[in-house]
Each structure stands twice: as C-alpha cells, then as structure tokens.
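These notes are about the structure you will find just below.
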Ligand SMILES: NC(=O)C1=CN([C@@H]2O[C@H](COP(=O)(O)OP(=O)(O)OC[C@H]3O[C@@H](n4cnc5c(N)ncnc54)[C@H](OP(=O)(O)O)[C@@H]3O)[C@@H](O)[C@H]2O)C=CC1
Ligand SMILES: C[C@H]1O[C@H](OP(=O)(O)OP(=O)(O)OC[C@H]2O[C@@H](n3cnc4c(=O)[nH]c(N)nc43)[C@H](O)[C@@H]2O)[C@@H](O)[C@@H](O)C1=O
C-alpha cells in the first residue's frame, strides 16, 4: 500500500549502493515501488554539477532521497576534514539545486546526529541545533550537514519547496563499510572480533576509553522511517515544514550503550571469549549523543529491531565476507 508517493512515481535514490541507500531501495521495492532511479558513481558523479543537472533534466524524478555522501568513522573524519566538507557540500548543493530546477516534490536530505553541539542536553531535541560548539573530530562533516539543513530550509522559505532533513543516529547493517581505517565502530568491532575468533586470538583492541555512549539504529529501521516520512499525509508532512524552525527530524531508538557494552555484545554474538583491550591513544569523540525521538514517535514511527537482534542479522549477512 502506498502513501503520499504513488507506486509508479519516479524516485531517485542517491547513494543506493551504500548502507542507507541500499536499505531504502529494499524498502521501496518491498512496498511495490516500480520506478526507482539509481546510478552508480561511475555512471553519475554527484560532485559534477553539470552531470547532476543533465540527469535530473532527462529523468525528471518526483521524489529524491539524498543518501549519497562522503561518510566515515571518527578516524576518517578527523584525518580527512577537507574531503568531508568539500565533497558533502558539493553533492548536496548539486542535488538540491537540480531538484529545485526540475520541480521535485519531496526531497529527504540525510544528515547526522553529529550536527548537534558536543555538550548538547541529553537526549538531544531538534531545537538544540546551533546552540553550542561542535565535536572537533567531525566538525567539517557536521558543518557541511548543517549547511544542507539550512539549504533545505532556505529553499522551502524562498521557493515553497518541501524539503525535509532527517537526522539519523549512528547506523549499522548489511552493506556497511568494514574497512578498519574508515569504518564506524560497530562494523570495525565485528571485523576485529571475527578475526580474533577465527585466529583464536586472546584479545580484541577497542579504540578510546570505552566510556563514550552511542545510540545505534539498524539500517532497515532507518529505511522504514525515511519512507514513512516521505509518505506522510500533506497535513502531517506540513507540520515539519515551518518558517520559524528548520525542517529537521531526529531518527533513532532513544536508547544508547557504552562502547564497552557494545564491544561485549558483539563478542557475545560472535562467540569471542577473550578480553577487550582499550587503546587510549585513539579519540573518544563525543561523550554522548542520544537522540530525542519524541517528534518522530508523535508521528507514529518507532524502531523495531533491538541492538543485539540487529547485530545478529548483520553478522548473518556479512559473516562469509568477513571470513575471507
Ligand atoms: N553510517 C552512519 O552511521 C550514518 C550515516 N548517516 C548519513 O546517511 C547517509 C548515507 O550514509 P551511508 O549509507 O552510511 O554511507 P555509505 O558510504 O555506505 O554510502 C554512501 C553512498 O554515496 C555514494 N557516493 C559518495 N560520493 C559520491 C559521488 N561523488 N557520486 C556518486 N555517489 C557517491 C557512495 O558511492 P560509492 O559506493 O561509489 O562510494 C555510496 O553508495 C549519509 O548522508 C550519511 O551522512 C547519518 C548518520 C549515521
Ligand atoms: C555517525 C557518526 O560517526 C562519527 O562519529 P562517532 O560516533 O564518534 O564515530 P565512530 O563510530 O567511528 O566511533 C564511535 C566510538 O567508538 C570508538 N571505537 C572503539 N573502537 C573503534 C574502532 O575500532 N573503530 C571506530 N571507528 N571506532 C571505535 C571510537 O573511539 C568512538 O569513541 C562521525 O565522525 C560522523 O561520521 C557521524 O555522523
């Protein structure tokens, strides 16, 4: 059953091969959507304004999910800040501009919980945007995402567009990045723990102190939330597009765990019986970034997949890949 978006509407999923984009494509197909527009980076480099403009002119998408971005974990963000700000600004500028030029109806821009101040109140409501300094390890990325939110809001106010910015918490699932230098914490812990189990190693290295807390959402849940938002009735969707506040909505579980607890859960699921060794030379990053999810709960969406269940599902999907 479809909602606001007709099942035959042309929908562009930017970044369909990534963790989020692939989950959104699965969810749209599951619901019966028939005209999904997808392009690999080789077919359409979103850094090229001309290529993006040509693509939109030819394909005329009516809905856009902007899940293409330069993405990485704490180390990648801290090491390559220029890449993170330059590429993310370019991709979002190009896609939002072309969406406007071609009359896209609803566009969903994906940001991240790291847009909020490092010392934001916990849980973090949408209203704490721009109320304090950012976490230094991902400032460049966060500022690009904040510019994306501002762009959606500005276009809505000046041109009457209907662009929404979704802020997911930390995500995980099949099609994640398992490269230890660039990945987020959960895929990294799965890879390191799988290796330790396979080799009978006595310990797994965990970066930082183990005390920071993170909230983790399974990618299928995120995909469901994104499609749910795009399919809201005009009345409900309209409540998110106001002139006085940015068109921003948090997506998360409302629950978090310490990195130590996360590493212990991965160890339990993968059957690792050794010890965790913490490496204090690596950054901890933000101490905590728990989402206030009352807005999306009020609209009727809740996550379904509990953390341990999601780790089991991910492990089932990737265990053969990680064994090689
Ligand atoms: N992963 C997470 O924990 C979180 C992610 N998000 C947000 O969700 C969105 C998706 O993230 P995620 O799925 O994890 O990221 P991935 O890295 O898994 O996927 C990003 C996708 O974007 C594509 N892409 C990047 N640059 C270009 C380009 N120049 N031209 C065309 N395609 C490009 C990539 O293509 P290719 O495969 O060719 O590189 C890839 O398919 C991002 O906006 C991110 O900020 C928000 C919160 C947490
Ligand atoms: C989604 C979000 O993701 C990024 O922020 P982050 O949450 O700090 O990123 P992270 O998942 O890489 O780390 C979380 C915590 O986990 C610890 N940690 C332990 N051991 C490993 C480890 O092996 N790898 C990694 N990467 N972290 C580890 C690590 O030290 C840190 O304390 C943003 O840059 C930005 O991209 C963004 O928006």
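Placement of Cβ uses the backbone N, Cα and C atoms for every residue, glycine included.
The structure displayed is predicted, hence computed values, not measured ones.
Taken from TrEMBL, the feature active site, proton donor/acceptor covers 141. According to TrEMBL, the NADP(+) binding site annotation covers 15-21, 110-113, 145, 168-171, 184. As annotated by TrEMBL, substrate binding site applies to 192, 207, 214, 284. Feature annotation from TrEMBL assigns domain 'NAD-dependent epimerase/dehydratase' to 11-234. Feature annotation from TrEMBL assigns site 'Important for catalytic activity' to 112, 114.
Ligand 2 lies under 6 Å from the Cβ of the following recorded positions, listed in sequence order from 15, 18, 21, 114: 114. Non-local contacts of residue 21 (NADP(+) binding site) by the CB criterion (under 8 A, 6+ apart in sequence, same chain) comprise 13, 14, 15, 65, 67, 68. With respect to ligand 1, the recorded positions 15, 112, 114 contribute 15, 112 as residues with a C-beta closer than 6 angstroms to one of its atoms, given in sequence order. Counting only same-chain residues at least 6 apart in sequence, those with a Cβ under 8 Å from the Cβ of residue 112 (NADP(+) binding site) are 141, 142, 145, 167, 168. For residue 214 (substrate binding site) paired with residue 171 (NADP(+) binding site), the C-alpha to C-alpha distance reads 10 Å. Residue 207 (substrate binding site) and residue 171 (NADP(+) binding site) have their C-alpha atoms 18 Å apart, to the nearest angstrom. The separation of residue 18 (NADP(+) binding site) from residue 192 (substrate binding site), Cα to Cα, is 21 Å.
Per-residue confidence over the domain 'NAD-dependent epimerase/dehydratase' (11-234) averages out at a pLDDT of 98. Comparing Cα positions, residue 284 (substrate binding site) lies closest to 114 out of the recorded positions 18, 114, 171.
Note on residue 214 (substrate binding site): other Cβ atoms within 10 Å of its Cβ, all shown chains, come to 21. In this structure, the C-alpha atom of residue 114 (site 'Important for catalytic activity') lies 12 angstrom from that of residue 171 (NADP(+) binding site). Overall, the recorded substrate-binding residues 192, 207, 214, 284 cover a maximum inter-Cα distance of 19 Å. Packing around residue 284 (substrate binding site) is summarised by its Cβ count: 16 other Cβ atoms lie within 10 angstroms of its Cβ, all protein chains included. Between the listed binding-site residues, namely 15, 18, 168, the fewest other CB atoms within 10 angstroms of a CB are found at 18. Under the three-state DSSP scheme, residue 192 (substrate binding site) falls in the helix class.
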